[in-house]
Amino acid sequence: MGLLTFRDVAVEFSLEEWEHLEPAQKNLYQDVMLENYRNLVSLGLVVSKPDLITFLEQRKEPWNVKSEETVAIQPDVFSHYNKDLLTEHCTEASFQKVISRRHGSCDLENLHLRKRWKREECEGHNGCYDEKTFKYDQFDESSVESLFHQQILSSCAKSYNFDQYRKVFTHSSLLNQQEEIDIWGKHHIYDKTSVLFRQVSTLNSYRNVFIGEKNYHCNNSEKTLNQSSSPKNHQENYFLEKQYKCKEFEEVFLQSMHGQEKQEQSYKCNKCVEVCTQSLKHIQHQTIHIRENSYSYNKYDKDLSQSSNLRKQIIHNEEKPYKCEKCGDSLNHSLHLTQHQIIPTEEKPCKWKECGKVFNLNCSLYLTKQQQIDTGENLYKCKACSKSFTRSSNLIVHQRIHTGEKPYKCKECGKAFRCSSYLTKHKRIHTGEKPYKCKECGKAFNRSSCLTQHQTTHTGEKLYKCKVCSKSYARSSNLIMHQRVHTGEKPYKCKECGKVFSRSSCLTQHRKIHTGENLYKCKVCAKPFTCFSNLIVHERIHTGEKPYKCKECGKAFPYSSHLIRHHRIHTGEKPYKCKACSKSFSDSSGLTVHRRTHTGEKPYTCKECGKAFSYSSDVIQHRRIHTGQRPYKCEECGKAFNYRSYLTTHQRSHTGERPYKCEECGKAFNSRSYLTTHRRRHTGERPYKCDECGKAFSYRSYLTTHRRSHSGERPYKCEECGKAFNSRSYLIAHQRSHTREKL
């Protein structure tokens, strides 16, 4: 068996068959072809890139390859589409065209290698395939290398006479399509060992084993190698700890040239007794069974002899005929089954040295993809958001987020999706199918992700940890929502009123206020709620129920959130930090209110006078000025206040308590605000400045009174004579004049 070529793993479609494929199936075809090509590249089996791969990477139709003038020449990279174009009339012309393009006016007889080669015409060879013999006077391996790398001699069968051993090697590059002979045609024969080789580069490497030429050194295994292409292949095989040994000569080779023997793993064909030592050759072998039969496809009423057509039938019927014997999973493609079966259940033999990631699949393709992620090589990048992907198909699906395209539509409800897998999952809602079952409790789920999340309830594992507060979650979505508590992000905005929310579910519930849909009303006060749980919590206000109790101090709360905030008093935790000044708070509402000191936002407005406030509590207290309400009454003297803080400060006048002391002069005060304003006498600070005249004051009340001199406002009116004043102190002083008159 020869070296695996791109043609061996390529899938062919006729033009008629290609036109019947859906866009998703074409994308699948392109991904499979590109992935097969990358597999060959990772194993060092491809010399240069086929035309078909170039077109597929540019997301062009494969049939556009036929419109190109340039024809692929070398057989191991020969495009199976361009091959059809090489008829007897065009082969010689195409060959001459390639020669002239690369070497100017030089013809076949005047190549730059002619100093080392003698050209002898072989008699009896006519037609397109011009058989020529080259006698090698002085062997130079670099000449052979350049000869084949330039792809000059690929279209004609050649013979090479090696003077040192007087052995003749023949090479044929074109496949006789009518007779279906082997793609490689004639073999290279090395008489000294009677071993057949498929390509001259392999012959040269084998020759070097006997000659003893070893020019390339491997740093990993301290081995010396025979050819320039060997180090790459050797390092890959050394990395995977796989070597192939020739039993006849007991020489170790890094390419599978002769009898292959894989030490770690083998792949057995389900349809015959064939055992392959490489996954790619196992895939190649399976195509033999497909080509041996002809499948009848009733939908198009034609016989299909290619595996691609059989796959089309399977796609139409939604069949999954390939079943895994180990886990019972069914797949619609033999390739998928093969890849699925070679995944070990426990061991992870492949580890990428850059990031330390371990892979289940013992294949260099997965290491190549991880290398692309780490190094940024060969990634497909989105032009809209610069996000990168290792597969072009993933990029195409991602771009639908920006374009809004949703090509996959549900026939039951008409809902559309941008990805076929989303549609498959959605269909389970209608069918009730739940293929993912928990082994612990037997509960079934329609998505594998739901099963994975459910299994954490049994293990108690919480993989997702917050970097700010170290809180852990079983679901990544819960962590994302939690992180918005720290960042203050509220991405969900109501189009009706502009209110923002941190969760989409909260926005959905809020919208019901505007639509009036399914509102839950309190039987006591008729207050409506969009969520039933919110109604239950609200009813505790009327019942006085406080089910959440603090274990530290025994204090009870009607809401769990209040208990959580209360716990932070005991722990001293302040997880909410202001980015502007680094001040921390124990609850998110405190941070939200604090931010308004930086932004100057005042969202709460008094309906009576239009005055705006940063805090809702301030506007509530302010309204009491208009209503005259003073709900806070001193039990000692009966004096009432419209602020609770005023009552607290007043009560200290009865107790004599003065907890706030000035460090400069030792003077004590019964209010924190009094101490703050007192300190300005020592510092000379006057933070309150008039916008009209620029005059500054050390007290806010002084600035408020001063502004009334500009506006003419006099809110304090004497009930005796009707005289008005702009300051309360002026009114009090004026009222004393009336009391003196009475005395």
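Note: Cβ is positioned from N, Cα and C throughout, glycine not excepted.
Residues annotated as SUMO2 cross-link in Swiss-Prot, with a large-scale study or a structure entry given as evidence: Lys66 (among others).
The SUMO2 cross-link annotation in Swiss-Prot covers Lys135 (among others).
Among the features that Swiss-Prot reports, domain 'KRAB' is placed at 4-75.
Feature annotation from Swiss-Prot assigns zinc finger to 267-289 (among others); the stated evidence is sequence analysis.
Sequence annotations record features per position, and here Swiss-Prot assigns zinc finger to 322-340 (among others) based on sequence analysis.
Look at Swiss-Prot and you will find 380-402 (among others) tagged as zinc finger.
Same-chain neighbours of the zinc finger (408-430): 24, 397, 400-401, 446-447, counting only residues six or more beyond its ends whose CB sits under 8 Å from a CB of the stretch. Feature annotation from Swiss-Prot assigns zinc finger to 408-430 (among others); the stated evidence is sequence analysis.
Sequence annotations record features per position, and here Swiss-Prot assigns zinc finger to 464-486 (among others) based on sequence analysis. Same-chain neighbours of the zinc finger (464-486): 453, 456-457, 502-503, 573, 575-577, 588, counting only residues six or more beyond its ends whose CB sits under 8 Å from a CB of the stretch.
Sequence-remote contacts of a segment are chain residues at least 6 beyond its ends whose Cβ falls under 8 Å from one of its Cβ atoms, and for the zinc finger (520-542) they are 509-513, 558-559. Per Swiss-Prot, zinc finger is recorded for 520-542 (among others).
Taken from Swiss-Prot, the feature zinc finger covers 548-570 (among others). Here the zinc finger (548-570) has Cβ contacts under 8 Å with residues 537, 540-541, 586-587 of the same chain, all six or more residues outside its ends.
Mean per-residue pLDDT, taken over the zinc finger (576-598), amounts to 85. Per Swiss-Prot, the feature zinc finger maps to 576-598 (among others); the stated evidence is sequence analysis.
Remote same-chain residues near the zinc finger (604-626) are listed as 593, 596-597, 642-643 (criterion: CB distance under 8 Å, separation of at least six residues from the stretch ends). Per Swiss-Prot, zinc finger is recorded for 604-626 (among others).
Among the features that Swiss-Prot reports, zinc finger is placed at 632-654 (among others).
Outside the zinc finger (688-710), and at least 6 residues removed from its termini, the chain residues within Cβ reach (under 8 Å) are 677, 680-681, 726-727. The zinc finger feature in Swiss-Prot is assigned to 688-710 (among others); the stated evidence is sequence analysis.
The zinc finger annotation in Swiss-Prot covers 716-738 (among others). Sequence-distant neighbours of the zinc finger (716-738) (same chain, 6+ residues past either end, Cβ-Cβ under 8 Å): 705, 708-709.
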Would you list the DSSP helix, strand and coil counts for the residues of the zinc finger (380-402)?
-> 11 helix, 4 strand, 8 coil
